[in-house]
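Annotated features, as they stand in TrEMBL:
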type	residues	note
ACT_SITE	1006	active site, proton acceptor
BINDING	40, 41, 42, 43, 44, 45, 46, 47, 143, 183	FAD binding site
BINDING	544, 658, 825	Mo-molybdopterin binding site
BINDING	660	substrate binding site
DOMAIN	12-205	domain 'FAD-binding PCMH-type'
């Protein structure tokens, strides 16, 4: 292809970097000679993250975008050559077209690539990442490289003076040649492979004698690893069971994963090496049989499912909710599924968040300097190099706090001592975020370690380190009851923590005002009256509890910086810093002792809960209170004792999270229910039914409740989900499939809404009616995306009897509604809705004399007449809220305003060879009473369920023994994505009465979080089926989260003997203590042990 001599190089020169766009191939080669260290940037999916997250710096960038030599597909009779500039999406299209045109036996490599391209990263990445960039930048964990290697793909390169093309050539293959690619990751999409493989085998024509064999593995070494010695020793062998046995032994000897390997999970990855090889063996056996059924026997029918990958289907479902009373006025929106009032703005990007706000004159950016030690004395802080950098204005430390640096036992800036990795020691204020971030790296801190360093709950118990006093409730005589039962079991369950992972990280904008030292957008800590602090909030991009208390501390830090510099300060935590500094859900250790009869009736229970609170109290006391108070779930146990306590450790302080401890603690309850079922040879649902509350009763803390809605949810879920029929079908499936197992679980829930402190149930609202009839509604609730503002508009619309279009919700502000409590515990609509309702009702009462005089008039007429009569047209309403109490000395009280019930049934399929699972179907029946807005409420239920499912399956926080958080971004921490949503998802609102709440509604924001545990226990059911078939004990503990590693290692709890058909070979695997895997760190590597 002739080059255009008139094209000229395009160069962009910055202060520190130069960006060069080459326009011809020869120009590109010349640039690489001149700048050999400059990266070639096309999709920027590799270089960009390295710059952002690994602090790499490149003075020169070269981009060959648009060069025709890199964008082509050339297909011949021998194969296909593809330009390296093709994006992965374009590669997918090109391969798809070729596969559709060529015979199946010729395109085995292409089909293997297409299968991996379906799950490699996500659509956005595949649209930008190039084939060439992926191959050269993913040497160890590329999903494509092992397949390309196994398929004998040729990479052609070019350099100056050597006329070779930079392209990929993939050959066609014919009969007696098999190529396959396999992978296993934490999630189906957007996750790096834990282990992947590309394998190919070529046979002598008409035989199963191996002529050529290649096996390549990724994510088991620094580059793709070839099991070349194993393959050489197997040449000439027949493709049979003995060959497989020897292959497994040889490949484990050849591919060594050291104990300190990066990424850990050593024994699991060794197991996957064998599992993927076995899958390839079965696929080839199956392929040979199809070619000559008489000569080559087929694999057993029970093994067929091992060949099938879990499909990625478009989820489908049905949502069932109440019909609106036909007598309700058409303009009354209450009960209708009204769209979120900012939904379109969210989707289009028009919704304004703090980071979207334009810069303010003289604005500075703040970057934190955090501790790298878990417990140490601060010897010195050297900020000289940071202050010398361009753009840096100041460094703020504890010495600059004019007020209290330790409000309510929390710490703004560390002083003299650090008590966790990630604790803020100082902050740097600079003119740009980049300057502030760079300067923060230059702050030098000298430490002297202090003992003890406490990281885990077990270490805290050993050192008697606690944040709170013990909470306890008890009924009956627990110890005496243990003497009169048929069986007693004891056990413990670990439920790990969870990151909030809200879309908008913690963000603060502080603006000092010259007059009276006022400040906007900040919390307090300046030793000034609260009346001088104005805090405004229009919306936040998600919270889930993570913005209940943490913004107050970060706001105070920002306010101190603004106070010292006298300039506006913008403080935006990057994702990694947000995860490190703010922590999340409390990890929990539950210990239980259960006494029961052989018929499944539980007579006595003694349960202890310990949570990892971190280094300061934060919300740990409230979390423990709620854990203990909700510890029964739906079961009546006449002799019941529960104790709870928050442990003090050297980790960042864990905080509020959707459910306030209930999602963790109730897993322990359902775990011992499952354990009792196993001991009684009954199903878990039978034990649940036997011990479930059935009539008006009192809780263990003597609060009266009616479980009738619970019973209806339970009955409807079992019936309408066809639970028993599907369970029977799953049992039949399990009998016919050895390597795939299905599991079902149905989990009931008794959830209490609210907080056991009356002062946290209050709210206030301010309603303005303007002369044109428009209405402004302001209240103390915060909008996090849950739709609170939308519901408040619905309430005002009904009470004022005007269309919703007349009403505008204004931002939440301490200027308009002071002293508001946090928006949490599913109480936002309950409390703020009542306040808005009260304000509107008073205003309407004042309007009544005018309306009576002119009953046929319009709203605008009444309002104008009202103004002319000198009536006040604005009102602030203060609502005292629900009356709750709890006397911990007497262990009794009315701790919560009302109860909410639900039941979830989930069905999963588990791959016993890899530990992967697929959620097939979920049915949720939840007691919604009367939904003010079914669209929003169903969104809350579905979203809560998915977030709960993440807690129990994919979301895994990894800490080192030194207290360093390793999972600090999307590469290492996996929230559920579209592929994890149930293939069938059904949600039904069950009607009931709730007279104490506004419009007889119930707060649904948190309850469904725990219902995600039905997926966890369905996985346990499937693993139990696998263990039963393998002759292993079915009484085992599955800790949360149930990751692929735990699932796989529990399906085959010990791999010293590994059975495939009638062949046994030995695999050396260190046995885990049940499934309680822990981490150890060697150097910079984290390992599972």
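Each residue, glycine too, has its Cβ placed from N, Cα and C.
Known features from TrEMBL, placed on the structure.
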residue	record	contacts (Cβ under 8 Å, 6+ apart)
40	FAD binding site	32, 62, 63, 64, 133
42	FAD binding site	63, 64, 65, 85, 128, 130, 132, 133
44	FAD binding site	128
46	FAD binding site	129, 133, 137, 138
143	FAD binding site	116, 119, 120, 181, 183, 193, 196, 218
544	Mo-molybdopterin binding site	500, 502, 657, 658, 784, 947
660	substrate binding site	545, 619, 622, 623, 626, 627, 825, 1006
Sparsest-packed of the listed recorded positions (658, 825, 1006) - C-beta count within 10 angstroms: 1006
Greatest inter-residue Cα distance in Å for the Mo-molybdopterin-binding set 544, 658, 825: 10
Local confidence of the domain 'FAD-binding PCMH-type' (12-205) - pLDDT mean: 88
CB-centroid shell, 8 A cutoff, Mo-molybdopterin site 544, 658, 825, site residues removed: 543, 545, 656, 657, 659, 660, 824, 826, 1005, 1006, 1009
Pairwise C-alpha maximum, in angstrom, for the residues (40, 41, 42, 43, 44, 45, 46, 47, 143, 183) that bind FAD according to the record: 28
